[in-house]
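Step one of this worksheet: look at the structure below.
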Amino acid sequence: MNLKTTFVIMAFCLFLLGISFRGRGPGPGVTYVTLSLPDSLPKPAYDFSKNPLTKEGIALGRYLFYDPKLSRDSSVSCGFCHQQVAAFGHFDHALAHGVYGRLGKRSVPTLFNLIWQKDFMWDGGVNHLDVQPMSPIIAENEMDMPLNELVERLKCNEKYQQLFKAAYGTEEVTSQRMFKALVQFMATMISFDSRYDSVKRGAPGVAFTAEEAGGYTTFRQKCAGCHKEPFFTDFSARNNGLPYSPNMNDMGRMRITNNTGDYMKFKVPSLRNVLVSAPYMHDGRFFDIFQVFAMYDHGQEKGNTVDPLVRDMKLSPKEQRQLYMFLNTLTDKHFLKNEAYSEVMIED
Amino acid sequence: MNRLLLFFSLLIGKAALSQSVTLTLTHEVNHQAMRANKTYYTAQGDTFTITKFKYYLSNFSFTDELGQVLTLSPEYFLVSEDSIASKKIVLTGLPLGRFKAISFMIGVDSIMNCTGAQSGALDPVYGMFWTWNSGYIMAKLEGTSPASRLPGHALQFHIGGYRGAHQSQRIVQLPVPFEVSAEKTAAINLVADAGTWFNGPNPIRFSETAGFMTPGMIGDRIADNYSHMFSIKMK
């Protein structure tokens, strides 16, 4: 036995392996993409080995994201609710709304830095980024589109035949390929380029003003326990003392766990881009960040699931003003204007 | 080189010799054949019909005559009353020899419940996946009963939940002697009796419970009930 024959046999085995994996991974001739992320960040929770990023996969995902054909009456796309100007939240809308004017029950969460997030939705009910888009697609008051019908619709579409072939090597449309492509596009939505980030990495000539620095001090004292740097969320679900709203009857994570200990617990949202992504809270009840400050200062509900970290919090007018100035440094203008995320023209 | 060739031919030879077993599933209700629009009774005296009956089977393993357990590589099967093809499951990768028991899971294990978008039998297009609280529906039975207070007197039981207090996967073990030989494919006839869903250790009255579609206590009880639904039919 010599090295050469061993090599030939190994190559043959790899060839067989290649055949058995055909149709699962990226197609031939794709251009692989590596996300450029700041070195200081932890490893993403999303496992890219099962969905390697490619230029073609991202392009397919972006087309899907902006295509209203993903909804029953072809009126609502993902991008309809998740708008780039609002950090992929819904500008000026308290509640999500869907096909035939149907109204949702919760506000639209922003979309960025999703690959570090382990569960999704306001109540953490969705356990994987791959299966997250299924929720709004199927929900009656959102896109109301049965998955099997959607797959049929895309199969018959020439543009998708081209896009799927480019990304996966064959025209075959499956729900798995569709979801993985949507994730590819959403995975590129990375926001770590705000003024705060420039200050933190010591970019020349950038520093907090006295007001911003004061706000950062207040933030670290009173907010950072839940809105943890660098993501400005710890990804947990907590009760922040927001009063229960009888007409919405939404008890948050308790709906998922059936555990009264989870009464009124909602996912802690990131504060990055917070000033461009009003309205606030799971039901979008506050259109102004100062209403949120006022809630923490004197509008909290008492209750045994209210988080000890925010109980009886006080925010003086000066602290509120300075906090506002600090939160303003978390707006990532490059993210909000990046053309790689902008709406694409859907051709049919 | 020769030794290596011998090794590979042994591998290939072994693969060719390793045989399969075919499981054929028959659906019954209280020992009668399952038919659309036929009326059945629960032990509590409620009448009902079945319009939809489907469930996942996975994690197959076999016990040989010496008591050694052989676990097959993971495969998932969605069995549905309305699909003849789904009621025939071919399992491959068994070694030659005599076996005395078969074991499998009704449902999808927790690992597969949190590994993202799947294809094949686990493709969510089959309507066996919850989107608001991620996870597979392990088994689904729909129909009607005059006792049901749901609109249209509907029965809707979607049994799921894979974590915490509400795990609805159930392992079934059935003694059955069979032989895997090079000459002929072993065949096992499995009967699934949907009557067990509402009888057994946790009786269900449709006037109280006509549907259940979240992880929870009632789902767990029905899963306990239907963990007894399978039996072997000898020919």
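Note that Cβ sites are derived from N, Cα and C of the backbone, with glycine treated the same way.
A quick note: this is a predicted structure, and the numbers were derived from the prediction, not measured.
For A:Cys78, A:Cys81, A:His82, the entry in TrEMBL reads heme c 1 binding site. Marked as heme c 2 binding site by TrEMBL: A:Cys223, A:Cys226, A:His227. The feature domain 'Cytochrome c' is assigned by TrEMBL to A:210-331.
Sequence features, as recorded in TrEMBL, placed on the structure.
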residue: A:Cys78; record: heme c 1 binding site; CB count, 10 Å: 24
residue: A:Cys81; record: heme c 1 binding site; CB count, 10 Å: 24
residue: A:His82; record: heme c 1 binding site; CB count, 10 Å: 22
residue: A:Cys223; record: heme c 2 binding site; CB count, 10 Å: 21
residue: A:Cys226; record: heme c 2 binding site; CB count, 10 Å: 19
residue: A:His227; record: heme c 2 binding site; CB count, 10 Å: 20
Subject >> Shortest C-alpha distance to A:His227 (heme c 2 binding site) - which of the binding-site residues A:Cys78, A:Cys81, A:His82 >> reply: A:His82
**OP:** Fill in the CA-CA distance, A:Cys223 (heme c 2 binding site) to A:Cys81 (heme c 1 binding site), as an integer in Å.
**Re:** 28
**OP:** Starting from the Cβ centroid of A:Cys223, A:Cys226, A:His227, the recorded heme c 2 site, name every other residue in that chain with its Cβ within 8 Å, sequence order please.
**Re:** A:Phe219, A:Lys222, A:Ala224, A:Gly225, A:Lys228, A:Phe232, A:Thr233, A:Asp234, A:Val268, A:Leu271, A:Leu309
Original post:
Which chain neighbours of the heme c 1 site, leaving out A:Cys78, A:Cys81, A:His82, have a Cβ atom within 8 Å of the mean position of the site's Cβ atoms?
Top reply: A:Phe65, A:Ser77, A:Gly79, A:Phe80, A:Gln83, A:Phe88, A:His90, A:Val108, A:Leu111, A:Pro136
Subject >> DSSP-derived structure type at A:Cys78 (heme c 1 binding site), helix or strand or else coil >> reply: helix
Original post:
Can you tell me how far the Cα of A:His82 (heme c 1 binding site) sits from the Cα of A:Cys226 (heme c 2 binding site), in Å?
Top reply: 24
**OP:** Compute the C-alpha separation of A:Cys81 (heme c 1 binding site) from A:Cys226 (heme c 2 binding site), stating it in Å without decimals.
**Re:** 26
Original post:
For the domain 'Cytochrome c' (A:210-331), what are the DSSP-based totals of helix, strand and coil residues?
Top reply: 45 helix, 10 strand, 67 coil
Original post:
Over the domain 'Cytochrome c' (A:210-331), what is the model's average pLDDT?
Top reply: 97
